[in-house]
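S.K.: First the structure, then my questions, so here it is.
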Amino acid sequence: MKCRGLRLKSCCCCVNLRAGCFFMALFEIFASILGFFVGEDGRFLLMGRTAYMVHFIGSIFLMMSSILQIEVLVVIYLVTNIIHLIFCTAFIIDYALSCSFCIFESIPVFFTLVFSLYFWIVAYSYWRRLLWEHNLENDD
């Protein structure tokens, strides 16, 4: 018996994984640029900007992978998105501990974190589909 793992068949209700990854990459490129220039200050300034830059590069690789259908580029995006999720979580915790009434600033960052987690699942499903399509010995 094979372990299938977590896989989606489409990005949204009617958008396939390849097109969904392309639009996700566009959204995350824009969000990374916005986060890089308008991002946090203080203790996490250098780490935050580095994480946004790494995530920007990973999003470009995801866009290239959705056009060229190369599996390795999706893996690079998955790794950079995990780095982004770690730094975004650390920023939310640090920011929540440092201010008393910062709910309005933390809500957009929290939603970005949730979207990034869903985008990671979609990209992982796309990577699994690419592996299945390029496997010559698939038994399905």
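From the backbone N, Cα and C atoms, a Cβ is placed for every residue, glycine too.
When I checked TrEMBL for this same protein, it listed these features:
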TRANSMEM  17-38  transmembrane segment
TRANSMEM  50-68  transmembrane segment
TRANSMEM  74-97  transmembrane segment
TRANSMEM  109-127  transmembrane segment
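Mind running through what each feature is packed against?
M.R.: Panel annotation: around the transmembrane segment (50-68), residues 18-19, 21-22, 24-26, 28-29, 32-33, 35-36, 39, 74, 76-77, 79-81, 83-84, 86-88, 123, 126, 130 of the same chain, lying at least six beyond its termini, place a Cβ under 8 Å from a Cβ of the stretch.
Same-chain residues lying 6 or more positions outside the transmembrane segment (74-97) and placing a CB less than 8 Å from one of its CB atoms are 21, 25, 40, 43-44, 47-48, 51-52, 54-55, 57-59, 61-62, 65, 105-106, 109-110, 112-113, 116-117, 119-120, 123-124, 126-127, 130.
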